Amino acid sequence: MRPHTPKTATRQPLPAGPDAQPTLRTEHDGFGTIELPATALWGAQTQRALQHFAIGTQRMPLALIHAMAEIKRAAAEVHAALGLLPAERAAAIAAAAARVAEGEFDAEFPLSVWQTGSGTQSHMNVNEVIARLASAALAGRDKSAPPVHPNDEVNRGQSSNDVMPSAMHIAVLQACGPLRRALTQLRLALRGKAREFAGIVKIGRTHLQDATPLTLGQEFSAFVAQLGLADRALRRSLAGLHGLALGGTAVGTGLNTDPAFARLVCARLALRSGVRWRVAPNLFAAMAGHEALVAVHAALRQLAISLNKIGNDIRLLGSGPRAGLGELLLPQNEAGSSIMPGKVNPTQVEALAMVCAQVMGHDVAIGIAAAQGQLQLNVCKPLIALNLLDSITLLGDAMASFSRHCVLGLQADRPRIAVLLQRSLMLVTALTPHLGYEAAAAIAKAAQAQGTTLREAALASGLLSAEDFDAWVQPAAMTGPPMPPTPPPPDAAARPITLAAQKADFTAEGAPVAAPPAMRETQISG
Ligand SMILES: O=C(O)C[C@H](O)C(=O)O
C-alpha cells in the first residue's frame, strides 16, 4: 500500500547520518505492532489510517480539528468537576487540548479527509495527539505517572458519532464570522454606489431588450437588497447550529456518559465562545442527519446565486470598451491579455463566478452526502464539513476581493448612458396613457423602421405636438410611479460617501435605514 505522507507534515525525520538515531518508533495496538515516525505525536490508529486512506491531497480541515480539541478541553474539565477524572490528569489533557485548539500542532493531523464517514480516524488522531502531549507533561512532573490513554481518558464519555457533528457545528459557526464581515463590506460598497448613482437615469432592459428607464442607483439598490436577503437567510440558518450532538455517544442513547456531562460541556463551550451552545433536543436526529448544516449551505447557495447575478450584471454593464454596453467603467487592475495589447478584462467577476459555481457544486454534493445516513448515523460527515468550510472560505475571500478590487472603483460612463437613453424607443411607454397602446406602438415601430428618433416619429404621426412630447416623455419622471416627491435631508447631497458613513446607516439588522438622495425609500429598502 502506498504510504500517504502529506507534503505539509512537519517533524519529518532528519536524513540518517552515521550516528543518526533511529527515525522510527514501534507502537502496539489491537491489530499488532506498527512503525511510525519517531517524533510524531500521533499514535498507532492514526498511522494505520495514513496507510489505509492514501486518497487525494485534501486533509481533514484544521478548523474541525481545532473544534474537536475545544470539545476535548471542555470534556476533561467537566470530568474533573464531576470527579470522573483525577484533577491533575484532567488538567494535563485540558492544557494539551487548548494548545491543539490554538493550532500549535497542526502538522500532527495529516489524515486525508477521504476516510471513514464518521470522521473516526481524525477523531482518534485528535485523541492520540492530546494524550501524548498530556502524558509528556505529566511525566515531566512525575516519571512514574502512567501515560494518558487516548480512548479511556481523552475520549471519556464521547464517541466520534457525537463529537464529530458537534465539532462541525462549532467550526462552521466560527468560520462564518469573516464571511459575514465580508458580506457586510460588499453590501456597504454596493450601497455606496447606489447612492452615488442615484441621479443617473438610464435605459432599463428586460429579456436583454430595451425597456423603460430607471436610475443606475435603483439598479444597484437591487444588488444591496439581494445580499440583504442572503444575509438574513444565513443568520437564520446559523441559529440552527446551536444544538450539539454531545451526550449521544454511539447511537444517541448516551451510553457510557454521565447524564450531566453534555450539558456541562455545552455550558463551558458557551462561556469561552459567547455562543449559546446547548444539547440538541433529539440526539438521535443530531447524529443520523445533518439538516442544520444543510440549511446553512442552502443559505450559502442562495448567496452564491445572488453574487453570480450581481457579478454578471456588472460585467455586462461594463462590457466594451467600444463594442459593448459600456455603461459602467470597471477598475483596470491588470493586463487582461498576453496577446492583445491594452485589453483589460473583468477578472474579478470571473473569479467570483467561478467561486459561485464551486459553491453550487458543493451544495449538490452536500445534499447527496446528507442523504447518505443509514439508520443511526450519517456516514458522509467529512465531505459535508469539507465542502461547507470550503464554501465559507471561498465566498468570504471572493466577496472581499470583489468589493475591494471591483465595486469600490466602479464608475458610471454618464455620456454613454445618456446617449443610450436618448436613443431608446421604449420611452414610448410614456405616451401610452395619452395615445393608447396601439398608436404608441406604431410610433415606436416607425422610428425603428425609419431609423429616426422617437420624437421625430411621434411628431410625424401627427398625433401630438412637440410640446406634448416634451411634457409627456421625461425619462427621469419614468423611474417610478407618480408620487409626491420626498425632499432629501438638507445635508444629504454634501455628505461624503465613506464606508464608515455608510456603516452608520445600517441598522442592527443590517438593513439600510435612509434612502439615498433623490431615490424613493420603497426603491432602496433591503
Ligand atoms: O468512532 C466512534 O466513536 C464510533 C464509530 O463511528 C462507529 O459508530 O462505528
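Using the three backbone atoms N, Cα and C, a Cβ is placed for every residue, glycine included.
Unlike curated entries, TrEMBL annotations are predicted automatically.
Residues or ranges marked as region 'Disordered' by TrEMBL: 1-27, 475-526. Sequence annotations record features per position, and here TrEMBL assigns domain 'Fumarate lyase N-terminal' to 32-361. Feature annotation from TrEMBL assigns substrate binding site to 118-120, 149-152, 159-161, Thr206, Ser338, 343-345. TrEMBL lists His207 with the feature active site, proton donor/acceptor. Under the heading active site, TrEMBL lists Ser337. Marked as site 'Important for catalytic activity' by TrEMBL: Glu350. The domain 'Fumarase C C-terminal' annotation in TrEMBL covers 427-480. Sequence annotations record features per position, and here TrEMBL assigns compositional bias 'Pro residues' to 481-491.
By the criterion of other Cβ atoms within 10 Å of the residue's own Cβ, the least surrounded of the binding-site residues Thr206, Asn345 is Thr206.
Mean predicted confidence for the domain 'Fumarate lyase N-terminal' (32-361): the pLDDT average there is 97. Of all the recorded positions listed (Ser118, Thr120, Ser160, Ser337), Ser337 has the fewest other CB atoms within 10 A of its CB.
Within 10 Å of the Cβ of Pro150 (substrate binding site) there are 26 other Cβ atoms, across all protein chains. When secondary structure is read from DSSP and collapsed to three states, Ser118 (substrate binding site) falls in the coil class. Residue counts for the domain 'Fumarase C C-terminal' (427-480) under DSSP, split into helix (H, G, I), strand (E, B) and coil, are 43 helix, 0 strand, 11 coil.
Ranking the binding-site residues Ser118, Thr120, Pro150, Ser160, Lys343 by the distance of their Cα atoms from the Cα of His207 (active site, proton donor/acceptor) places Lys343 first. In this structure, Thr206 (substrate binding site) is part of a beta strand by DSSP. Cβ neighbour counts within 10 Å, taken over all protein chains shown, single out Lys343 as the most crowded of the recorded positions His207, Lys343. Under the DSSP three-state reduction, the residue listed as 'active site' is assigned to coil, being neither helix nor strand. Taking the Cα atom of each, Thr120 (substrate binding site) and Glu350 (site 'Important for catalytic activity') are about 38 angstrom apart. Mapped onto three states, the DSSP output places Asn345 (substrate binding site) in coil. Between the alpha carbons (Cα) of Ser160 (substrate binding site) and Glu350 (site 'Important for catalytic activity') lies a span of roughly 40 Å.
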